[in-house]
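Peer 1: Dumping the structure here so I can ask a few things about it.
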Amino acid sequence: YFFMVNEFCERFSYYGMKALLTLYFVTYLKWDKDLSTAVYHAFSGLCYFTPILGAIIADSWLGKFRTIIYLSIVYVIGHVVKSVGAIPTVGNTDVHIALSMVGLILIAIGTGGIKPCVAAFGGDQFDEEHVSERQKFFSIFYMSINAGSLLSTLITPVLRGDVKCFGGDCYALAFGVPAALMIVALVVFIAGSSLYKRNPPQGNILLQVCKCIGFAIKNRWRNSKHEPKRKHWLDWAEEKYSKRLIQEVKMVLRVLVLYIPLPMFWALFDQQVWVYKPKKTTFSQCVSVHYSRFWCIPVKDHRLKLSSHCPRQTDVLPLISLHFLSRYPAVHCDLQSEDCPGLNLGLLDFGASYTFILMKESGQIVAHRMEDVKANSVHIAWQIPQYVLLTAGEVMFSITGLEFSYSQAPSNMKSVLQAGWLLTVAFGNVIVLIVAEGAGLEQWKEFVLFAGLLLGVCIIFSVMSVFYKYVEPENMDKINLEDTKEEDEGDGKKSSMMLDKTGKSTKL
């Protein structure tokens, strides 16, 4: 339960902050759309590349528990710095940008660093024979992730828009609440520390793995022509490294090879959120008005105020193009001039685009409406089945991946393999960025492209899975025990031979 509450609060803090990030860049820092989009996706990618850093620290140095504690503190500091950067009275724009970037970097290090550790540390609480209980844990664990992200994306935009502070939208509060939730997550996790089962780190295991792979490649290159062929290329490292380490490296590499096609799943899944869509800045919606130049005016009380005066020397006024995203029973257009009465634009439908020509008729300004784009006739509820399928696929894919990554990892490399699983998300985002920036396709064509690629990947992955040999955790322990006995027996034989030689030399 400590893990569930911790993960719920942590995901609330992350997704709550992220839900406002692009809008914060555009409206508060005054960045353009391209820069805002680039920084947003750079931050998202960094959050999924840093798990490998947290995994190395946990498995090689501090252990999972202390790594989660220390990086959570970094996480909290990042949220606090980000919230302070959203206070208008703190410095100028340059200070706000600097604080925001520092805060985002610290958040990326914190959230990425603890991602593989929390899941692996939760799995460590179950013995190997409790497989079904561990599978239930990962299911509930992922449910807490989605629950936190769902509530945060609903609540934090309300805090920004409905609460006013410093004379405008309250970004400081909207970022401060996620910071407070992250503090709660840290306190809850520490509160259960006396109940946790902790496995101490076993040295710099990643360095040993790299050295083992390097030695095997070098030894095979030098001696493959002179010595008999071995069953696996990693067996060429037996002269220097234990069979247990070689077996563990084989397990990790088999899983990582199996993960190669998986980024394409995330590339398609992220299509629903990847492309930047400008959001309206108020709940009352915003109207784009082209009147000699671009205008964006909030609609309030169903009345539209144009900040210019009616021309008096012409009977035909400039064209005004209105783009509405909501249905209003009657929208009145009032021009700020005594000569211009209120204009009734009539019923404007959802999704339609209208152009109004204002003409003077019998001393009155009359609006003549033209419908450029017809109103949408397909109900938005037709999207529900698609989202149900997307969510079902993502939940089954993610929960299975988390449990599989844990069960197939050696005991001293649980966090590393969890980080490898999270890297599939990062590379999926990289694929989307490359295609979106390089191909320049229309959005529906990108959808079709990624769907076709994922279909091909499914076929490839199915073939790869046939050749994968699933290793039961208890079988891995048996293999390790056998290898240890063989090594001990080998050491015993060597020592007895040395004793025999010593005895003979004494007699002589």
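Yeah, the Cβs are placed from backbone N, Cα and C, and that goes for glycine too.
Note that the structure is a prediction, hence the values are computed from the model and not measured.
Okay, so TrEMBL annotates it like this:
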type	residues	note
REGION	480-508	region 'Disordered'
TRANSMEM	12-31	transmembrane segment
TRANSMEM	37-57	transmembrane segment
TRANSMEM	69-91	transmembrane segment
TRANSMEM	97-118	transmembrane segment
TRANSMEM	139-159	transmembrane segment
TRANSMEM	171-192	transmembrane segment
TRANSMEM	251-269	transmembrane segment
TRANSMEM	384-404	transmembrane segment
TRANSMEM	416-435	transmembrane segment
TRANSMEM	447-468	transmembrane segment
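Just tell me what is around each of these and how deep it sits.
Peer 2: Panel annotation: around the transmembrane segment (97-118), residues 3, 6-7, 10, 14, 17, 24, 29, 43, 46-51, 53-55, 57-58, 64, 67-68, 71-86, 90-91, 415-416, 418-419, 421-422 of the same chain, lying at least six beyond its termini, place a Cβ under 8 Å from a Cβ of the stretch.
Listed as Cβ neighbours of the transmembrane segment (251-269) (distance under 8 Å, sequence separation of 6 or more from its ends, same chain) are residues 209, 234, 390, 393-394, 397, 401, 404-405, 408-410, 413, 416-417, 420-421, 423-432, 435, 450-451, 453-454, 457, 460-461, 464-465, 468-469, 471, 476.
Residues 119, 123, 134-135, 138-139, 141-142, 146, 255, 262, 265, 269, 272, 418, 421, 424 of the same chain sit 6 or more residues outside the transmembrane segment (384-404) yet have a Cβ under 8 Å from a Cβ within it.
Within the chain carrying the transmembrane segment (416-435), a Cβ under 8 angstroms from the stretch's Cβ atoms is held by residues 41, 44-45, 48-49, 51-52, 54-56, 59, 112, 115-117, 119-120, 205-206, 252, 255-256, 259, 262-267, 269-271, 274, 401-402, 405-406, 408-409, 441, 446, 449-450, all 6 or more beyond its ends.
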Peer 1: How about the transmembrane segment (69-91) and the transmembrane segment (447-468): do they have 3 or more C-beta pairs under 8 A, pairs 6 or more apart in sequence?
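Peer 2: These two segments do not touch.
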Peer 1: Using a Cβ cut-off of under 8 Å, list the residues of the same chain at least 6 residues beyond the transmembrane segment (139-159) that approach it.
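Peer 2: For the transmembrane segment (139-159), the far contacts come to 3-5, 7-17, 19-20, 119, 122, 170, 173-174, 177-178, 181, 395, 398-399, 402.
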Peer 1: Other than its close neighbours in sequence, what residues sit by the transmembrane segment (37-57), given a CB gap under 8 Å and a spacing of at least six beyond its ends?
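Peer 2: Same-chain contacts beyond the ends: 14, 18, 21-22, 25, 31, 67, 71, 104-105, 107-109, 111-117, 206, 274, 276, 415-416, 418-420, 422-423, 425-426, 429-430, 433.
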Peer 1: Could you pull out which residues elsewhere in the chain have a CB under 8 Å from any CB of the transmembrane segment (447-468), counting only those six or more residues past its ends?
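Peer 2: Tertiary neighbours of the transmembrane segment (447-468) are 254, 257-258, 261-262, 264-265, 267-268, 271, 432, 435, 439, 441.
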